[in-house]
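Notes follow the structure.
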Amino acid sequence: EEALSLGSRKRVGEAGGSSGGRSPLIPLKMPKCVFSCSQQRGDDVLNCDNEGQGRKKDGQSRSPSSSQLIYSILDIPPWYLCILMGIQHFLTALGGLVAIPLILAKDLCLQHDPLTQSYLISTIFFVSGICTLLQVFFGVRLPILQGGTFAFVAPSLSMLSLPAWKCPEWTFNASLVNTSSPEFTEEWQKRIRELQGAIMVASCVQMLVGFSGLIGFLMRFIGPLTITPTITLVALPLFDSAGDSAGVHWGVAATTIFLIVLFSQYLKNVGIPVPVYGGKKCHTSKFHLFQVFPVLLALCLSWLLCFVLTITNALPTAPTAYGHLSRTDTKGNVLSQAPWFRFPYPGQWGVPTISLAGVFGIIAGVISSMVESVGDYYACARLVGAPPPPRHAVNRGIGIEGLGCLLAGAWGTGNGTTSYSENIGALGITRVGSRMVMVAAGCLLLLMGVFGKIGAAFATIPTPVIGGMFLVMFGVITAVGISNLQYVDMNSSRNLFIFGFSIYCGLAIPNWVNKNPERLHTGILQLDQVIQVLLTTGMFVGGFLGFFLDNTIPGSPEERGLRAWHQVQEPQETAATLQVYGLPCLPCGPAARTRHLPFWPRLEAGEAPPAGSQLAGLCPDSRGDTPKAAGATKL
């Protein structure tokens, strides 16, 4: 960079002396490719993306250090790699996407109707694909997959447990249930319509908070001691469910864990020779397969192992025996009953209804979901090598998530949408942060929602395989949350108290509330639901305590880490930041029209879009002047 800069200034000076002081475009002799320079641990790495396609030399970057990304957020991998890595993200989110409809099935009176359960699974696949594409293109613009949120499960179950919505006794008897009868259809559809209405009303609150800029305003008071317990407690409380899933068969789960660790840590620098055709001749090039697809390879191999153990009857056939759920034929009824094609559509279960109790409960889940998502944005940006998201990007992200919840309510998933933390963990392991990979994952989710047989086939992955994967992913998320403490003075007793107390209360309080829900009765049902949902969400308890204590206990900005944090978390609206978080194919517009929109990106004074980008010539600066030529921008 220094050599190019010195050479450019020299040529500009020579040209200026011969052309009346003008600074024409300097024709530097550079290869026809897009350069992206990044510094990792003091090593200068120059990656050349041939003709914008994001291909690295020999398929990989030249110096595969442990902290280097294979593909950054702006890189575009080859289409076949996008598809394969999109499948990996789909498989990573599969456990959570499938679990939510199955959890709600009993309270929706659907425990003896697996066909309708598969419809709900297909619907949540389809809506998650739409919301993922909206988030990547128009939201925060980070490679974050959108899917069902467990923050909505607790208020949903609380609402369905009310006397008016309890399932009749006859629905619990499989011999009395006729799944095709109008009476049974109305029993479960009126319950899911009630959930739809509550989710749609609560989503409007989330959209208002996001697009109004209220979240961006609160970010002024949120520092490392708030973000750290929030992200950390996303994964820590899930040790119980991850352990239960893995405990179905610890041998299969341990095999999955071993393969993920082997591929992602020990074999990450091992290149596999692959034939490559170029320059009118065929040659071999090394492709780091294990570094790019560790999760996908581990899942497929463990799934294949379970299939072999199933056909050889090495796994028990008795439903109550240990390890029975490791068999690949335990969910075969879903595959046989699901149709080949089914297109989900809004209002497929009828016109949504609204009740005050359900709305208050879901709003509590919305608050928890927003706190988690803000932490996910910063964690994702950190892992994919992108600048920290500015306020307008955070505002758009929360607003688009609210729009996603509105769509989920309209389609009738029985749930909302939020950012998936486990997929952020996959980004940290694979080191593939390309935005186009998440676009491929979103398109794949849409296809899974339409092709019922394919979605049902993926739903047959054995439970211990998913449990083993979660143990690795949630560990990475926990470490990402704790890594934010690097900005804080951890020699300070003040900071030690805030962090330790927030984490411990985030584990202890939800555990007590879950065991003693009757202690929180105030006489107001809606208030009881709100209090119970908030106090059983560890990330909300820990994040709120961290936020309150960090902003009330005296401490210097250096001690709190705010000075270093804000230098990282609040960058100026430079051209580089706009290239990641700017809206695609849309002009920024004159500052007079857009400066009051809290979700609209804009450049600082004197900045210009990068040369050759889609924003060049479209986005005026803060004075309203459009850049005259790409040559006037900084190289």
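Placement of Cβ uses the backbone N, Cα and C atoms for every residue, glycine included.
Remember, predicted model here, so these are calculated numbers, not experimental data.
As recorded in TrEMBL, the features of this protein are as follows:
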- 1-25: region 'Disordered' (REGION)
- 78-105: transmembrane segment (TRANSMEM)
- 117-138: transmembrane segment (TRANSMEM)
- 198-227: transmembrane segment (TRANSMEM)
- 247-267: transmembrane segment (TRANSMEM)
- 288-311: transmembrane segment (TRANSMEM)
- 349-367: transmembrane segment (TRANSMEM)
- 437-459: transmembrane segment (TRANSMEM)
- 465-484: transmembrane segment (TRANSMEM)
- 496-513: transmembrane segment (TRANSMEM)
- 533-553: transmembrane segment (TRANSMEM)
- 611-635: region 'Disordered' (REGION)
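It is 117-138 that, among the stretches 117-138, 247-267, 288-311, 349-367, 533-553, forms the most Cβ pairs under 8 Å with the transmembrane segment (437-459). Long-range contacts of the transmembrane segment (533-553) within the same chain: residues 151, 154-155, 158, 221-223, 225-234, 236-237, 361, 364-365, 367-368, 371-372, 375, 494, 497-499, 501-503, 505-507, 509-510, 513-514, 520, 560, each at least 6 residues beyond the stretch ends and with a Cβ under 8 Å from a Cβ of the stretch. Counting C-beta pairs under 8 angstroms (sequence separation of 6 or more), the transmembrane segment (349-367) reaches the transmembrane segment (198-227) with 3 or more such pairs. Here the transmembrane segment (247-267) sits against the transmembrane segment (465-484); at least 3 CB pairs are under 8 Å, leaving out pairs fewer than 6 apart in sequence.
Between the transmembrane segment (465-484) and the transmembrane segment (288-311), three or more CB pairs separated by 6 or more residues in sequence fall under 8 Å, so the two stretches touch. Sequence-distant contacts of the transmembrane segment (496-513) (same chain, at least 6 residues past either end, Cβ-Cβ under 8 Å): 225, 228-229, 232-233, 236-237, 485, 488, 490, 519-520, 532, 535-539, 541-543, 545-546, 549-550, 553.
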